[in-house]
Amino acid sequence: MVQNMTYDELILRIIILLRDGKIRDFRSVIDELQPYDMAFIFKEMPEKHRARYLSYLTVDDITDMIGELEREFQLVVLNKVGKTKATLAMNKMDNDDLAQLLEEMDEELKEQLLSSMEASESKAVQLLMNYPADSAGRMMTNRYVWIPQHYTVKDAVVKLKSFAEIAESINYLYVINESKQLVGVLSYRDLILGEPEEKVQDLMFTRVISADALQDQEEVARLIERYDFLAIPVVEENNVLVGIVTVDDIIDVVIREADEDYEKFAASGKDITFDTKAYVAAYRRLPWLILLLFIGLISGSIISYFEDALKQVVALAFFMPMVSGMTGNTGTQSLAVVIRGLSKEEMNKKTIVRLIFREFRTSIFIGAVCSVLIAIVSIIWQGNALLGFVVASSLFLTLIIGTMSGTIIPIILHKLKVDPAIASGPLITTLNDILSLLIYFGIATAFIHSL
């Protein structure tokens, strides 16, 4: 029955069950829902029903649901369920998720919650919180299966069964020596295909791809993407195994980094969502826009400088927006290609040279097609072949310049260790506006007496 219900129907059904105190019917509904569904229902239901909704959920339900909620709602849940239930849920949460959640709390509340947790779990969480914010150590979990290299397949299976319930991932078994150094890795498939008395060290892969605990999360994401891993081991000095990073955490990193790059690319300000207040959104966007406003005044100065040319040939004004707009568009297209390549670290010297020449050839093809089209349009529209030549040649040159600026500027910034996404959309477009107007009016001035 639940499968065919919309979220609105589900919320209404749950509210009725909460009101009537029908715990058994409530459980039958909840048992058919995924953690995401429970989290969505909590966020969307009226505030007055949330406390009772949480009181009817088990600790396991709350633990699973918290993992699907945004930080602000996670804090709401922990505050509403009370200290005892919150502590039980925190003991079962993934340590990396809990470490990130506790960062949002004030020191006093953080210490209270950590002290109320099981000693082993509290120690593990505090260990993660000692790592830098965007490092592999901060996002790793200590809930994984490691096996001594002297184990047999039979011993490994016994340990795997005992740890399967609490381990975040059992796709890979990590093999260590007496010093807890990572010496190999074994897949679950290889384990079950091995003979019971066969040694793990005879089955394991010794070339292990791992991440350093202090390595940036984006670099870890690239490693997992490159090798198609479901998890990657995290090591400290001397290759000592300290945890693993799983692919679900990497997906969160990729989404977050993509959001940040898009915000920079659009110069729209950081952390702006549908719920952001208007004055906050305006405050975050204004610095870029004010900067671009003053840069844009240069375009106005250029037009003012060539005022005499405009007075003599008014038709020049008709094509001015088209020339500057097309230049900005092609620059933004090239910029998107380069930023994507840089974000995936596909750029080496050979690739950069090949990309620049490829974009140059592309701009020539695009410029040739567009300039021929606009020449035909201007001749038919204005009946002036020379005007058509001026517009077409200007467009041809500006499209080449726009494409190359969108290609070369982010590469230069990358080499200077500056985030290339900063030199994005609006800035490239504004700079290309200036260049396109200079070229357009420069060519027009050269032929002004013949026009």
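Just so it is clear, glycine is given a Cβ too, placed from its N, Cα and C backbone atoms.
Per Swiss-Prot, the feature Mg(2+) 3 binding site maps to Glu218, Glu257. Residues annotated as Mg(2+) 4 binding site in Swiss-Prot: Asp228, Asp252. Annotation comment: Swiss-Prot describes 204-260 as domain 'CBS 2', evidence class sequence analysis. The topological domain 'Cytoplasmic' annotation in Swiss-Prot covers 1-285, 333-371, 414-427. Sequence annotations record features per position, and here Swiss-Prot assigns topological domain 'Extracellular' to 307-311.
Overlay of Swiss-Prot feature records on the structure.
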residue: Glu218; record: Mg(2+) 3 binding site; Cβ within 10 Å: 17
residue: Asp228; record: Mg(2+) 4 binding site; Cβ within 10 Å: 7
residue: Asp252; record: Mg(2+) 4 binding site; Cβ within 10 Å: 15
residue: Glu257; record: Mg(2+) 3 binding site; Cβ within 10 Å: 15
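Look at Glu257 (Mg(2+) 3 binding site): DSSP puts it in a helix. Helix, strand and coil content of the topological domain 'Cytoplasmic' (333-371), in residues and according to DSSP, is 34 helix, 0 strand, 5 coil. Residue counts for the topological domain 'Extracellular' (307-311) by DSSP state, with H, G and I taken as helix and E and B as strand, are 5 helix, 0 strand, 0 coil.
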